[in-house]
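The structure appears below as structure tokens.
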């Protein structure tokens, strides 16, 4: 069975496929796609500057995982991280893991970390189709290199000639990720640093003459750029994924327009689009995200040979970081319409920060800074009937309510990517200040996202159906901020 020519294409119409995906789930192809990952330390210089990183099968980014909609994906992860050793895990961004929450890859929530020298096999269905990514969910390891693209082939809601595959974009730090993390949370915590570079599919040039004085790290100029071959007169699909740790990416192709055909795993019919803003983790399939997931998008037909050249002399207008946000919600309407019900319950949560008794800087959600227990994951506790959790686990108990609305107020001067495991979020409202309690964008069919930025000093209103009981243990959902320093 060809991965690039999914057997589903041409058999189901896009409307029929979307209806099946939303109502009956994915088809069962009976095919298992097996992968073997060895995680270890290594040294690489993706932009010419040598640094210590974490690698998967000695690759950066990690290997591409491909499957057809309805296949079973099986990945065995071997933890060979040493000197020093660390636990690890792998999260499959945006896949809902219905019936398999223990394979979601979240230490202290659905599993224990994979111990050094040990292996663990994840087995789950490719229940959605489109573009996403996988990454470690242990500490800040994905900022150190533990991530890669994941494509699930299925029906398409747009015509194109050539699929150019994943385009992973990520901010890149020359300093080792854990030392950055420590410097931010330690007493007198430093501001989150700007990245040293931005990589595209693991490559970019760096001007070694700009190294700090006294920095003797080996560095080679003109390390090389990622290149993409476009064919004149053809329409190309690019699958953009923001695999960065904190950078918000603005994506465009000079002298060409792009047609966005999906955000995360949600197909959308839209006209040609201006440059797009992608927070950490969203994906845009043609181009997907994703943040990382991960996002699929579709660029327009090219008319000239493409060659690298300097950017235009006229610089972009760079927005104030305090105003950074995803694009307006009204610009994206899902292809398959879902009208959210009146919520059974509403919860208001605030993002803030404080300095604890030891002087460390900590973020909070709902007044609590999350501290999990790697030896006793929430899922195993709930399955054993223990529903009394420590306050620092930040478990929200919604009982038997069929739908939940969450109002998130960001009380900080930084934007935050919000990611909900086990469910797609319906984003009802997003903007500066507080929600007025009634305004909803596209109330009959709001955009559904895997990740959504809540802007600095702003708000976000999301809603979801509690239709994944295994993931939320029947009554308890964990909400997490997927950001490097939180």
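Just so you know, the numbers here start at 1 and follow the chain as drawn.
Glycine is treated like the rest: Cβ placed from N, Cα and C.
TrEMBL does not curate its annotations; it predicts them automatically.
Copied over from TrEMBL:
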type     : residues : note
COMPBIAS : 290-305  : compositional bias 'Low complexity'
DOMAIN   : 39-155   : domain 'Plastocyanin-like'
DOMAIN   : 166-268  : domain 'Plastocyanin-like'
DOMAIN   : 384-469  : domain 'Plastocyanin-like'
REGION   : 272-323  : region 'Disordered'
SIGNAL   : 1-25     : signal peptide
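Across the domain 'Plastocyanin-like' (166-268), the prediction's mean pLDDT works out to 89.
Residues in the domain 'Plastocyanin-like' (384-469) partition by DSSP class (helix H, G, I; strand E, B; coil) as 3 helix, 38 strand, 45 coil. Counting residue by residue with DSSP, the domain 'Plastocyanin-like' (166-268) contains 12 helix, 31 strand, 60 coil.
Across the domain 'Plastocyanin-like' (39-155), the DSSP tally of helix, strand and coil residues reads 7 helix, 52 strand, 58 coil.
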